[in-house]
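Chemist: One structure follows; several queries about it will come next.
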Amino acid sequence: MNISTSVLLIPLLPLLGFIINGLGFRKISKGLASIVGTATVLGSFLLSIYTFNYFLSNNSQPITVTAFNWLAVGDFHISFSFLIDQLSLLMLLVVTGVGTLIHLYSSGYMHHDEGFGKFFAFLNLFIFSMLLLVMGSNYVIMFFGWEGVGLCSYLLIGFWNKNKSYGNAARKAFVMNRIGDLGFLLGIFLIIAHFGSVEYSEIFGRAASVDTATLTMITAFLFVGAMGKSAQIPLYTWLPDAMAGPTPVSALIHAATMVTAGIYMVIRSNVLYTLAPATLEWVGIIGLATALLAASIGIFQNDIKKVLAYSTVSQLGYMFMGLGVMAYSASMFHVITHAFFKALLFLGAGSVIHAMSDEQDIRHMGGLSKSLRITWITFLLGTIAITAVLPLSGFFSKDEILMNVYMHSPLMWGLGVLGAAMTSFYMFRMFFLTFHGTFRGTDYQREHLHESPISMTLPLMILAVLSVIGGFINFPEIFGGQAWLANFMEPLFANAKQASPEAFHHAHLSHSEEFMLMGVSVGVAILSLIIAYVMYVSRNTVPAEEGTPIPAVQKVVYNKYYVDEIYDMLFIKPISALSYFFYQVFEFFVIDLLVNGIGKLVKQLSNLTRRFQTGTTGFYVFAMVIGIVVILLVNFWGFLFR
């Protein structure tokens, strides 16, 4: 197959799936809808593997495939083209690979839902949009995909729109992402103003000729977009509420793919960020703050999906912390491993919810390991992976970030380790409360406990394997590995190294220092695991039910530091009041007085004029005579006084 055809088909196949399921979801069977939806994404995955192999055999030279030239105004042009390089290929494999497994899982999870076909149509549209985002050769195509995934997120969060709270969650996600998107758009406008192009190749090659202040402004605006899409302080509160959507949506969009779009954008723009160190400092600080804030909130959450949501926000913070110290490869490494184990955990949570008759409160679970053996084992592997315990994937990726952070700032490293300790505690707290101890559900739930069908457990097992072995794609040299991923991504940073070689010159840790840092990281994770085991297994502690008095500090954290309430007080209520005021003023002066007033005036004039339309011939003759007399009198009067 021609490589250009392969590249073009990768996004077109999911688009075809969207069209078929979107137009025929009321007519085609559920089986056919799931086959079309899953097969198109699987086809994109197979084509991505083919393209990856072609890329390697072609000496890893970037490939640009132009579908058509979209816009040309003087010297400025925008082409609808795709770039195949190391970064886009990695994202392609993650998006289509994990996407295929989640589509397969959805065929079982959503089987009894009346909107089955429509759900698969939306999933396919999301995959198409995400592929546009990561394949585009310029910022405009990236922005098209960026907006597309935002739309799909809105549609899928509010998929069960009969519930008002779900609709509110979808609207909240949409609005908060639009705030970030405005920053992204302003960044693109500045790029056009200063570079006269939106093509990556042209911008990155000329970045060194632009002054630091301008690059700082551009990267700051771009980062605002990343903060919205990847749920960083202060634009993070939409993601936990996004758990209102079906669980496969949480796994695909709000864990494995869409929320990593901000990290992808920063890595793609690494030249600009390397030349704007002030922005990078803020990227690292905000990432660290988000990681700690979300981890602390996760400790007291009792909804299984909310725990995973705050875990996602926290892990995204670690990725941004890595980006802040220019550990671009390490952050991308964590993007990949996180996609494996977080998709596994969300799908595992969906299996639990499915077995527990839609129960999501871990206080009402317990002892499920006996009935859900596959879910239990795979969930355990995902939990170990995210807590960064050797030798699972999360250990290698998170520790690489922390070691890079340590070389930049030991204080940031220490706070990062604190976040890792909290992560281990709340993840094992959730695991033990869900699968161990005594069963705390209802008799009805006990009678209907069952393992999920093969369409749901097969993706769990595949993702569990990837969560175990995924770290070996960047096996560190200290263990005798080749750090394949870091070497594979090295060409992506050639322009940045040429523009600012000193930024890449930093001290290297000795093997003893690396082992010490790894030991501390694993040690605190295991200590947190032990504490969680003692509290929730040995002592069989169960968190208090709603309404039970709790200490003030715990109450503040349990209520997510009242950030939503603060936003409501500072922004939502004042803006709502102001908009209501302007609505009333506009309604009275513009609608009632101007628009309706003119309408009423015309109506009165027409009523007056209508009186002269009698339909009587004699009246019309009389009017003509009167008119002639008036004309004659006027002319005669003018003649007398000439």
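Even glycines carry a Cβ here, placed using N, Cα and C.
Just so it is clear, the model here is predicted, and its values are computed rather than measured.
Pulled these features from TrEMBL for this protein:
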- 70-120: domain 'NADH-Ubiquinone oxidoreductase (complex I) chain 5 N-terminal' (DOMAIN)
- 138-423: domain 'NADH:quinone oxidoreductase/Mrp antiporter transmembrane' (DOMAIN)
- 32-56: transmembrane segment (TRANSMEM)
- 116-134: transmembrane segment (TRANSMEM)
- 140-159: transmembrane segment (TRANSMEM)
- 179-197: transmembrane segment (TRANSMEM)
- 249-267: transmembrane segment (TRANSMEM)
- 279-300: transmembrane segment (TRANSMEM)
- 307-329: transmembrane segment (TRANSMEM)
- 335-353: transmembrane segment (TRANSMEM)
- 411-435: transmembrane segment (TRANSMEM)
- 456-475: transmembrane segment (TRANSMEM)
- 515-536: transmembrane segment (TRANSMEM)
- 580-599: transmembrane segment (TRANSMEM)
Chemist: Can you tell me which recorded stretch out of 32-56, 116-134, 249-267, 335-353, 515-536 has the most Cβ pairs within less than 8 Å of the transmembrane segment (411-435)?
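Modeler: Answer, by Cβ pair count: 515-536.
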Chemist: Taking the transmembrane segment (249-267) as the first stretch and the transmembrane segment (116-134) as the second, find out whether 3 or more Cβ pairs fall under 8 Å, excluding pairs closer than 6 in sequence.
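Modeler: Judged by the Cβ rule, the two regions touch, with the required three close pairs present.
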Chemist: By Cβ distance under 8 Å, which residues at least 6 away from the ends of the transmembrane segment (456-475) in the same chain are close to it?
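Modeler: Same-chain residues near the transmembrane segment (456-475) but 6 or more away: 98, 101-102, 104-105, 108-109, 329, 333, 336-337, 340-341, 343-344, 347-348, 350-351, 354, 374-375, 377-378, 381-382, 385, 391-397, 400, 481-486.
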Chemist: Within the domain 'NADH-Ubiquinone oxidoreductase (complex I) chain 5 N-terminal' (70-120), how many residues are helix, strand or coil going by DSSP?
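Modeler: Counting residues per DSSP class in the domain 'NADH-Ubiquinone oxidoreductase (complex I) chain 5 N-terminal' (70-120), I get 29 helix, 13 strand, 9 coil.
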Chemist: Where else in the chain does the transmembrane segment (335-353) make close Cβ contacts, counting only residues six or more beyond its ends and a cut-off under 8 Å?
Modeler: 90, 94, 98, 101-102, 105, 109, 247-248, 250-252, 255-257, 260, 263-264, 304-305, 308, 311-312, 315, 319, 359-360, 365, 368, 372, 375, 378-379, 381-383, 385-386, 392-394, 396-397, 434, 451-452, 456-457, 459-460, 463-464, 466-467, 470-471, 473, 485
